[in-house]
Amino acid sequence: MRMSPLCIFSPRILHPRGSHTAAGPFVPPCPPLDQEKVKELQRFISLSKRLLVMTGAGISTESGIPDYRSEKVGLYARTDRRPIQHVDFVQSAKTRQRYWARNFVGWPQFSSHQPNAAHLALSSWERLGKLYWLVTQNVDALHTKAGSQRLTELHGCMHRVLCLHCGEQTPREVLQERFETLNPTWRAEAHGVAPDGDVFLTEDQVRSFHVPSCAKCGGPLKPDVVFFGDTVNHDKVDFVHVRVKEADALLVVGSSLQVYSGYKFILAAHEKKLPIAVLNIGPTRSDQLACLKLDFRCAEILPLIAPW
């Protein structure tokens, strides 16, 4: 098999070790930045003319949003909490009440998060013509806030709300105002925070919370996101597959790729013999498919890369 020119160097797989402390409470420890690895990533980027980037929760941890799986600092490591399942949300009004009460409390903080240097770097790569397309598994809208436009939000976005019956879409901020109107005296103190803006509340706190229905048809409301156990829209999947076929290299940023909805695009890129680079603290599902693996903070290394 002919090796792509983007992979002619001989990369070493780096894994976290030592006591170097990363920035922020939700960023796992990682090694100090290695300038040789910076040069290898620069070469990878420079040789690409149609770069596709896929991002995950690890790009947003430096903006103060926790992820699920990071060692010691992810939600799974810190608590026994697990994300809501799609079937539970759809079938149970009580589950929806609990979800929306927690989301109502967490929304002001979650919606206030701002893009960090990694989001801004990718946005600048797009403006300068280096980044061909960006696919994110995140639902936090930070890429949009950073100015990215050639963007597919694979799992949707928490800043939009859908009616499960008629499909009417409304901004999440509008729903927050309706929550406040329906619950003028309801108060609850948040305990902890989850990656999707959820917070931890007791059942007693949740019981008296009122949830509005769709203003158009009266149906139940759901965030415009793919919950665990649900599937990504087929048209969106097909669209991303086309972008993979059009790309000449793929860079994974801040994702362990444990969720198959994202990992399958890495498999497609590998089958197409695209060079793949992975920037993520800790091992990922696609390390063996990558010609370059880097275990550094996204916001530390991406701003150092010149997009040409």
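Just so it is clear, glycine is given a Cβ too, placed from its N, Cα and C backbone atoms.
These come from TrEMBL:
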ACT_SITE  H155  active site, proton acceptor
BINDING   56-76, 137-140, 254-256, 280-282, C298  NAD(+) binding site
BINDING   C163, C166, C214, C217  Zn(2+) binding site
DOMAIN    31-308  domain 'Deacetylase sirtuin-type'
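In sequence order, C163, H165, C166, E168, P220, L221 are the residues of the chain that are 6 or more apart from C214 (Zn(2+) binding site) and have a CB within less than 8 Å of its CB. For the pair formed by D140 (NAD(+) binding site) and C217 (Zn(2+) binding site), distance between Cα atoms is given as 27 Å, rounded to the nearest Å. Listed in chain order, the extra residues whose Cβ falls within 8 Å of the Cβ center of the Zn(2+) site residues C163, C166, C214, C217 are L164, H165, G167, E168, S213, A215, K216, G218, G219.
Of the recorded residues, H155 (active site, proton acceptor) and C217 (Zn(2+) binding site) place their C-alpha atoms 25 Å from one another. Around the Cβ of N280 (NAD(+) binding site), the number of neighbouring Cβ atoms within 10 Å comes to 27. Taking the C-alpha positions, the distance from G56 (NAD(+) binding site) to C217 (Zn(2+) binding site) comes to 35 Å. Within its own chain, C217 (Zn(2+) binding site) has C163, H165, C166, E168 as residues 6 or more apart in sequence whose C-beta sits under 8 angstroms from its own.
Other C-beta atoms found within 10 angstroms of the C-beta of D140 (NAD(+) binding site) number 25, with every protein chain shown included. Under a cutoff of 8 A between CB atoms, and with a sequence separation of 6+ in the same chain, the neighbours of G64 (NAD(+) binding site) are G24, P25, F26, H113. Of all the binding-site residues listed here (G56, C166), the one with the fewest other CB atoms within 10 A of its own CB is C166. Among the recorded positions S60, H155, the residue whose Cβ has the fewest other Cβ atoms within 10 Å is H155.
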